[in-house]
Amino acid sequence: LPLLLEATLLQLASGSHHPFYNGFYYNHLMNDKGNGQEKGILGIGRAGGKWGLQVVIYFNGAKLVVETSKDPVYSSSGANVTLPCYYHYEPDLEAKRKIRIKWSKLRDDYTKEQDVLVAIGKTYVAFGDFRGRAHLHQAGRREASLVVSDVRLQDDGKYRCEVIDGLEDESDVVDLRLQGIVFPYQPPRGQYQLNFHEAERVCQEQGAILATFNQLFQAWSEGLDWCNAGWLADGTVQYPIRLPRKPCGGLHLAPGIRSYGPRHRHLHRFDAFCFSSALRGEVFYLDHLAGMTLEEAKQSCQDAGAEIARVGQLYSAWKFLGLDRCDAGWLADGSVRYPIAKPRANCGPAEPGVRSFGFPSKGRFGVFCYKER
């Protein structure tokens, strides 16, 4: 029987000019119907004097091509976005194919993927945070675009569109970038008090997330200059310098992002760089003649049908809505700040920005409130 199996399989493989390698080889032949579709044979054979499993795969001879947007796709928090993806064959195949589509979210270093969605035909399954928010857009022929609704801050990043046709598998990557703002953050207890996990938490408490390197680089290119080192989402510690100076890496270094590299996420302590996107609501200012304590400020926002604003919300309102107020106000973390879009006398430095009075233990100020639309 073994000799019969070997003879039969060797006869089936006689038309192949491809080497038998590690027990597997591929044979580019049409099937017996001549329609170019795949056909496979599984059997037992011997190569190099050893018996093993042999798989003969007949491909259709057409090349599968997957294409996504070469330019980044921009969106903002709370919006809906479509990540384009299309596939075709070279040369074209008219017959319908049973295609499997998979979308994954990549880390910046491409070392790990997060499953987003898998689909066969009109049946699909979304995973994790994308469950209930992701589906395919297949309006056109051979379209595999991904629609993500209610975009969240953590959705920013690179996505892989993968198309699987039998054993053929091709993919391409599209970059989703959220329009947002990076801001440095220190807690009330002062500079360099946060390990990585605490930095993650304080950013979330301020309506933001830890910034990625790409987001910090974009902020630097737009003018961010900050001499205190802070955590980023990948566990590295870095800081952006536009104007080289002695306390910030030295005068001899060119402008750029200074890096301490990866740090111990539990033991090492720094500040944080947080990232916040555009708002779905509005930030407004309230004041009393005598000012308010922090607790009175929180109550005033509640009485107005709102909540006391977070730091990330104030930065977003300043960045995207042009919020300009030369009056200091409480925020949710106990800090007192005010946003200046049009610099003028008696309103701080000559550059636009969010000014900070720190975390006063006493004092009476106005308050910035936030209300969803």
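Glycine is no exception: its Cβ is also placed from the backbone N, Cα and C atoms.
Because TrEMBL annotations are produced automatically, they should be read as predictions rather than curated entries.
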Looking at TrEMBL, which of Cys227, Cys274 bridges to Cys248 via a disulfide? Cys227
When you tally the Cβ atoms that lie within 10 Å of each candidate's Cβ, which of the disulfide-bonded residues (Cys227, Cys248, Cys326, Cys347) has the highest tally? Cys248
How many Å separate the Cα atoms of Cys326 (disulfide bond) and Cys248 (disulfide bond)? 30
Local confidence of the domain 'Link' (181-276) - pLDDT mean: 96
